[in-house]
Amino acid sequence: MVNFTVDQIRAIMDKEANIRNMSVIAHVDHGKSTLTDSLVCKAGIIASARAGETRFTDTRKDEQERCITIKSTAISLFYELSENDLNFIKQSKDGSGFLINLIDSPGHVDFSSEVTAALRVTDGALVVVDCVSGVCVQTETVLRQAIAERIKPVLMMNKMDRALLELQLEPEELYQTFQRIVENVNVIISTYGEGESGPMGNIMIDPVLGTVGFGSGLHGWAFTLKQFAEMYVAKFAAKGEGQLGPAERAKKVEDMMKKLWGDRYFDPANGKFSKSANSPDGKKLPRTFCQLILDPIFKVFDPIMNFRKEETAKLIEKLDIKLDSEDKDKEGKPLLKAVMRRWLPAGDALLQMITIHLPSPVTAQKYRCELLYEGPPDDEAAMGIKSCDPKGPLMMYISKMVPTSDKGRFYAFGRVFSGVVSTGLKVRIMGPNYTPGKKEDLYLKPIQRTILMMGRYVEPIEDVPCGNIVGLVGVDQFLVKTGTITTFEHAHNMRVMKFSVSPVVRVAVEAKNPADLPKLVEGLKRLAKSDPMVQCIIEESGEHIIAGAGELHLEICLKDLEEDHACIPIKKSDPVVSYRETVSEESNVLCLSKSPNKHNRLYMKARPFPDGLAEDIDKGEVSARQELKARARYLAEKYEWDVAEARKIWCFGPDGTGPNILTDITKGVQYLNEIKDSVVAGFQWATKEGALCEENMRGVRFDVHDVTLHADAIHRGGGQIIPTARRCLYASVLTAQPRLMEPIYLVEIQCPEQVVGGIYGVLNRKRGHVFEESQVAGTPMFVVKAYLPVNESFGFTADLRSNTGGQAFPQCVFDHWQILPGDPFDNSSRGSQVVAETRKRKGLKEGIPALDNFLDKL
């Protein structure tokens, strides 16, 4: 940190209008970390000489070795805008210094939970797209999440050096490439956004407004149309008119920017802009973007890359570029880097784009409050968040835990939305299961220390006001992964994050040396804390299971477990896939079960969900917290449920939120409400451990048809009803053609045309199928999209690379659940093999339990 003291940062923190919280998001390997470097180096935290190679935000050793970002890291930057630039900011501002909290997040699909955590604490996002390969599956996933969280995007087209040097594109082709990417991104924004009438207004990106940057992170240069518009305005102003005031100048630059993009043409003969592609005397005119922006850049590239010394020297003089003495003797690519870096420094262009176009916390929290806060929209906490008020009650969201150098302790990483958090402040620490007025998941504790996160360093700081991102010490014992910290007694929680992937791949781990078991258990606890996505489960058979999003994610988790969290050698099983149990038709008989004392009877049936309902429950479109009538209306309209039945949903399961439903369609049963809790408990138990092989159920609707109860309350207690309900639910599943569901990945593969055949071969061997194949316009690359069962995905990447000579790059992301073909009762089918394997692994009795165990006769 070169010229920056904590006191200086603390002073800017009070100016909420001048803070920008932003994350950098992109597809894997589109150059996020490299770009982040040029920002960091501009803001004066690493030495500029090293920018581009340091990858400052990749703090972990394995990140630097693998050249991928795994965890999201935070850095504060400081940038001062010149007086001229301040006029471009349309929101309120306070002075010319800006504090930018930047979070570099991973692009790998397996780590998209890290991205979700990063998005929650930011208000804006820099979306990086490789201009050669275009918008990919991960860009889309993350952008969709960002827009759902009401985060405003700006776009950066990275890797222009590749487009110019490798693909040797003509200016017009390059323009078309950019135009297409802008359109693709806007399609995503308009599909998932709320439109111009929504609370955020229009968030479409548009080069004319200056919300699109172009450049190369590796070479360290970038520009938006604003930079070139300023050059030309200055050039024309120098010819005749006198000095312009900052406001008029801004107006002129904005007019100029409108002319530099789209179907506008420039006539070099008389220096006039025209709207038609032909000049009055019929010559074809060049497009302004090509003539006035790309052409100068090509003119810089051409003499330098062809080693024409005299031309190069003239050019450097004309552009008024002052090279360092050591740069003067370079030639070829190194010289090109030096010249472009001086002429169009990436840091300036991007930081200007960020400060001018991304919202400050004051602006953003107005429209994000309803998404962030679960409580009523007019209580003290909500008002404090809406106005980002440092005098309001403290409201802070912890989005993840960051491991410290001290083994086993974590910093809680999060953002202050209202009030001020300070060292020693007594706060209420509320976990995700806290409900106002109850005591569970609530701790009253003082905060030991507040710290600033600085990439590889932390700096202690006295207190931090709202709108800022901060780390806390001494909170980690009371929270698992996320939570809310507040001083307001009646505060509700901040809303829990929705992850776009679900943990479907599991590994069993055990310590090589049995004496190390306590260390392993402790290590698993820490692992669950440090990664927002991972689940650690202890099976009844006593084995420890780690569930993650995919092979790479699990590999990193196991490495962390072995080296950082447990510090012991570990044995691990092969990865196994979670399955779900479901039914494929309605139960063929009405199932009856009697309680152990034979005095109570339950009658039920099971039937499958209509298509799409399970996904709606996963997304939270239909949930237990919803208002009853609204939910009934939704189910009746979209899925044609009977309205009366839709109103009588008892609960969702497993865990009260899962994709199974228990409805009550009984008529006039006495004492029904007294046993409701017991039946619900039995339902939660049965859906968590299904009848086939004790996996979760999915997409099953159970109807309670009739109940006969004993008149005495003592004979219908929980001990009688819960096991009965469970047996009855199992019976109704087994009579409804039960099936297994397996998780399916969506695979996107980028490859050159000649190896597409090899890809089909690999996918067919692994039960995958291709459903879309398209060529990336303007390049020789093909994009193949396919569905691939997760079970077959282990070693898929290696297999694919060996069959295509390493030219195909797959990206797998969990997409949906699909029914495994074949009846699990038929011994030759795939389903029955899976059931047998799973039962054996879990140490259950062989063979699916017989129906007679669950079904009683009258």
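Glycine is no exception: its Cβ is also placed from the backbone N, Cα and C atoms.
Source: prediction; values computed, not measured.
The domain 'tr-type G' annotation in Swiss-Prot covers 17-362 and rests on sequence analysis. What Swiss-Prot records for 26-33, 158-161, 216-218 is GTP binding site, and it gives similarity to another entry as the kind of evidence. Summarising the annotation, Swiss-Prot assigns phosphothreonine to Thr54, Thr57, Thr435 (among others). What Swiss-Prot records for Lys152, Lys272 (among others) is N6-succinyllysine. The N6-acetyllysine annotation in Swiss-Prot covers Lys239, Lys445, Lys619 (among others). Feature annotation from Swiss-Prot assigns SUMO1 cross-link to Lys239. Summarising the annotation, Swiss-Prot assigns SUMO cross-link to Lys322, Lys529 and lists similarity to another entry as the type of evidence. Among the features that Swiss-Prot reports, phosphotyrosine is placed at Tyr373 (among others), with the record citing similarity to another entry. If you look up Swiss-Prot, you'll see Lys525 marked as N6,N6,N6-trimethyllysine. What Swiss-Prot records for His715 is diphthamide, and it gives experimental evidence as the kind of evidence. Annotation source Swiss-Prot lists (Microbial infection) ADP-ribosyldiphthamide at His715.
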Across the domain 'tr-type G' (17-362) the predicted model averages a pLDDT of 74
Within 10 Å of the Cβ of Lys445 (N6-acetyllysine), how many other Cβ atoms can you find? Include all protein chains, please.
15
What same-chain residues, at least 6 away in sequence, bring their CB to under 8 Å of the CB of Lys322 (SUMO cross-link)?
Arg342
Asn158 (GTP binding site), number of other Cβ atoms within 10 Å
26
What is the interatomic distance between the Cα atoms of Asn158 (GTP binding site) and Thr435 (phosphothreonine), given in whole Å?
46
Whole-number Å only: compute the distance from the Cα of Tyr373 (phosphotyrosine) to the Cα of Ala26 (GTP binding site).
27
Fewest neighbouring Cβ atoms within 10 Å among the binding-site residues Ala26, Met160, Leu218 goes to Leu218
For Leu218 (GTP binding site), the three-state class that DSSP assigns
coil
Which one is it: of the recorded positions Lys272, Lys529, which Cβ has the fewest other Cβ atoms within 10 Å in this structure?
Lys272
Intrachain C-beta neighbours of Thr435 (phosphothreonine), sequence separation six or more, cut-off 8 angstroms
none
Test of understanding: give the count of other CB atoms lying within 10 angstroms of the CB of Lys525 (N6,N6,N6-trimethyllysine).
15
According to DSSP, collapsed to three classes, what secondary structure does Lys619 (N6-acetyllysine) have?
helix
Which one is it, among the recorded positions Lys152, Met160, Leu218, Lys272, that lies nearest to the residue listed as 'N6,N6,N6-trimethyllysine' by Cα separation?
Lys152
Determine, from DSSP, whether Lys445 (N6-acetyllysine) sits in helix, strand or coil.
strand
Tell me which of the binding-site residues Ala26, Met160, Ser216, Leu218 ends up closest to Lys529 (SUMO cross-link) in space, Cα to Cα.
Ala26
Test of understanding: give the count of other CB atoms lying within 10 angstroms of the CB of Lys152 (N6-succinyllysine).
23
Rank the modified residues Lys619, His715 by the number of other Cβ atoms within 10 Å of each Cβ, and give the residue at the low end.
Lys619
One should report the C-alpha separation between Leu218 (GTP binding site) and Lys152 (N6-succinyllysine), rounded to whole angstrom, as 25
